[in-house]
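All remarks here apply to the structure that follows.
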Amino acid sequence: MRILCDACENAAAIIFCAADEAALCRPCDEKVHMCNKLASRHVRVGLAEPSNAPCCDICENAPAFFYCEIDGSSLCLQCDMVVHVGGKRTHGRFLLLRQRIEFPGDKPKENNTRDNLQNQRVSTNGNGEANGKIDDEMIDLNANPQRVHEPSSNNNGIDVNNENNHEPAGLVPVGPFKRESEK
């Protein structure tokens with residue numbers, strides 16, 4: 001099962017843009033991401049051929065169709081109905097689409113011209129240079145894109161993060177959120 005392009009809804013998607021949360025075909029990707037400098041910096045990864053169906057974590061026989069985020073398990077239809085009864089119906093469950101993502105560094109099973117062109121057009125380093133070298137680099141989808149040849153920001157050298165005694169903006173606290181009591 002292929003994912004359709006979120007923009008045109010006609011062609012099969014070959015790219016996933018993390019910033020836009022959109023799966024796009026090649027023509028729509030070029031329209032959306034090559035139209036301006038800011039959009040061209042979005043981290044995009046190629047969508048691979050759909051993988052085989054994972055097996056259910058409970059019965060280990062039937063193909064899994066659901067993923068329960070509370071239980072952290074993949075479930076077939078039958079096991080999902082058995083496990084999620086009563087109060088467990090409130091568990092957030094998601095449909096498994098069996099869509100693999102191609103990350104830089106993944107070794108393709110067969111090396112054809114179409115895949116090489118796709119890898120050369122999609123930037124893996126965030127600065128717009130698409131040189132086709134994906135074997136030595138890994139990308140961090142959580143990292144901010146590198147800014148090249150741009151004027152400095154308008155904060156005039158003030159360290160915004162240290163001025164208000166907050167953690168750096170890229171760090172996310174681990175554990176439950178605790179609200180400090182107001183004085």
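Even glycines carry a Cβ here, placed using N, Cα and C.
If you look up Swiss-Prot, you'll see 5-47 (among others) marked as zinc finger, on the strength of sequence analysis.
The Zn(2+) 1 binding site annotation in Swiss-Prot covers Cys5, Cys8, Cys28, His33 and is backed by sequence analysis. Every protein chain shown contributes to the tally, and the Cβ of Cys5 (Zn(2+) 1 binding site) ends up with 21 other Cβ atoms within 10 Å.
As annotated by Swiss-Prot, zinc finger applies to 56-96 (among others). When pLDDT is averaged over the zinc finger (56-96), the result is 79.
In this view, Cys59 (Zn(2+) 2 binding site) is surrounded by 13 other Cβ atoms within 10 Å of its Cβ, with every protein chain counted. The Zn(2+) 2 binding site annotation in Swiss-Prot covers Cys56, Cys59, Cys79, His84.
What Swiss-Prot records for 105-183 is region 'Disordered'.
Marked as compositional bias 'Polar residues' by Swiss-Prot: 114-128.
What Swiss-Prot records for 154-163 is compositional bias 'Low complexity'.
In the three-state DSSP scheme, Cys8 (Zn(2+) 1 binding site) falls into the coil class.
When the C-alpha distances from His84 (Zn(2+) 2 binding site) to the binding-site residues Cys8, Cys28, His33 are tabulated, the minimum falls on Cys8.
Apart from Cys56, Cys59, Cys79, His84, the residues listed for Zn(2+) 2, the same chain places the Cβ atoms of Asp57, Ile58, Ala62, Ala64, Ser73, Leu75, Cys76, Leu77, Gln78, Asp80, Met81, Val82, Val83 within 8 Å of the centroid of those Cβ atoms. Packing around Cys8 (Zn(2+) 1 binding site) is summarised by its Cβ count: 13 other Cβ atoms lie within 10 angstroms of its Cβ, all protein chains included. Surrounding the centroid of the Cβ atoms of Cys5, Cys8, Cys28, His33, where the record places Zn(2+) 1, the chain contributes additional residues within 8 Å, namely Asp6, Ala7, Ala11, Ala13, Ile15, Ala22, Leu24, Cys25, Arg26, Pro27, Asp29, Glu30, Lys31, Val32.
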